[in-house]
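Working notes, structure below.
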Amino acid sequence: MALAESSFTQGNLMRHVSIMSFTASLGLMAVFVVDLVDIIFISMLGQDALAAAAGYASTVMFFASAVNIGLSVAAGALVSRAVGADNEVDAREFATSVALLSVAVGILLPVLALPNIHGILGLLGATGEVADKAAQYLWIILPTTLISGLSMTTVAVLRAYGDGSRAMYPALAGGAANGILDPILIFGLGLGLPGAAIATVVARIVTLGMALYPAIKRYQAFSKPRPQCVRRDAKVAMRIAVPAVLGTVATPVGSAIVTREMAKYGTDAVAGMAVISRIIPVVFSVVLALSGAIGPIIGQNYGAGQMSRVKEAFVDALTFTGIYVLLAAALLFVLRESIAELFDATGMTRTLILLFCGPLALASFFNGAIFVANASFNNLGHPGYSTVINWGRNTLGTWPLVIWAGSIWGAPGVLVGQAAGGAVFAGLAVLLGLRVIADPEEDLIPLGAKYQEDRIHTLCNRCNR
């Protein structure tokens, strides 16, 4: 009997890829919209110190989120493989173990960080009133890291069962709660920045509730914790989570390199890049969501031993990415003048926006290809490859090329160099992904009964030994 809401081991794979990508992108867009709304409301307070404090706090929170993302990647990979193998016991035990691990990490991080929060903010350059406001914000937010981590893990479990719709609702509900509470707490009750923090805490609780309810009610996705199982699963989960965390923190490094090089060409150039960074999450949210969307499809089919469908899913995901990027790039090209006018862009700011809304929008395909490849690495037992690709793309694939292209074409060259680096590492990622599919790691966890009939007994009793 299939455990999943939508069994990815059968049916049209392009349809699975499309549905999972679009549902995941809606949840992701909700997160981006909430962040944007927070910034808008905080800026409306008219105090630069508050906006700066929120910026520093967001940097600290990013690292906590990176850990939670890593654990959710592990949960998705492990549970989807067990679901694909129709192994209900393993699916529940993996979900339980990673959930407990996320709670433990969610408790440990604030305990370590909060007593040293001013020192951490000082390392980031925050001083005086800005540091005090940021610390006040973080003292409210960071203790709920475990709530955020548990909700991310649970959403990953829902996706592993193939339930893209129910995995989408928690982010939408949390975003709605935050959007409603922000003006009430910030302005209505006059709480200012702490009000924004409280709204985020409530939103996290709402998100967790919306994630846990279907996971428990519909799938009975968690089992009674067993210490021997948690210990064993934690080792396996960390083999996936640690590389995923390291890969996640590579992205801001690449962004910092590009920002630094762009700053050489003046504030107009930096402003243009800032506008582009706001266009990308809106227009290409489907591409950004690919890694979380394709992962369960690859994981289920790998767990079922259907390697031909794993390769087909990989190719279909790349095809889907190409089609979506072509359509989105065409739309941006048609609207490029209107977009520039919307942001009142002039000079170099306008030049960069028009460049991105022209040929450079097509470069988003390379990011999508890397996301698809990373999903295959994480789900087929080679998570370290995703770390190498991400760091390579954000260092060797960024720094030399943006410097070289910038020296030739100025600020536009920085964007061209960044895109060129993406193309190189996307090609490497795809080739490596195909190689991994041809020779996956079989020792990460036992494969499913459909793939190795003689290991059924081991699968059902792995934690009793």
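Every residue, even glycine, has its Cβ placed from backbone N, Cα and C.
What TrEMBL says about a protein is an automatic prediction, not a curated fact.
Feature list (source: TrEMBL):
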- 21-44: transmembrane segment (TRANSMEM)
- 56-82: transmembrane segment (TRANSMEM)
- 94-117: transmembrane segment (TRANSMEM)
- 137-158: transmembrane segment (TRANSMEM)
- 236-258: transmembrane segment (TRANSMEM)
- 270-292: transmembrane segment (TRANSMEM)
- 313-333: transmembrane segment (TRANSMEM)
- 353-375: transmembrane segment (TRANSMEM)
Contact yes or no, the transmembrane segment (137-158) and the transmembrane segment (56-82), 3+ Cβ pairs under 8 Å, gap 6+: yes
Distant-in-sequence neighbours of the transmembrane segment (313-333), which means Cβ under 8 A and at least six residues beyond its ends: 8, 13-14, 16-18, 21, 279, 283-284, 286-287, 290, 294, 297-298, 301, 339, 356-358, 361-362, 364-365, 368-369, 372, 375-376, 430, 433-434, 437
Proximity of the transmembrane segment (94-117) to the transmembrane segment (270-292), 3+ C-beta pairs under 8 angstroms: no
